[in-house]
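Features of the protein shown, as given by TrEMBL:
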| type | residues | note |
| --- | --- | --- |
| ACT_SITE | 93 | active site, tele-AMP-histidine intermediate |
| DOMAIN | 1-106 | domain 'HIT' |
| MOTIF | 91-95 | motif 'Histidine triad motif' |
């Protein structure tokens, strides 16, 4: 398997639970940017078991509390990479990105707009 997350050495792990581990992002959007990575190779949130989903939420909460205690952040953005469009060579993971007042996080966000038929939702 060519998944970089499945090959990350434990000495890079900042913290772990029974189903997830956290590492510092190697290309952080903001200092303190963490990745929360499933230990099992899962491609999407829907592949996680109920126990894994509960563990993910609890673990993210614990990590956010640690970030808040260790820095004067204003909040945390949680982003989940889910499904086939995520980074090639990885599996399901979430990003915990520390936020500050007027940090410009959304200032450079440019997306190509695609039509979405809300009646099909």
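Every residue gets a Cβ built from N, Cα and C, even glycine.
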Around the Cβ of the residue listed as 'active site, tele-AMP-histidine intermediate', the count of other Cβ atoms that are within 10 Å: 24
For the domain 'HIT' (1-106), the number of residues DSSP places in helix, strand and coil: 30 helix, 26 strand, 50 coil
Integer mean pLDDT for the domain 'HIT' (1-106): 91
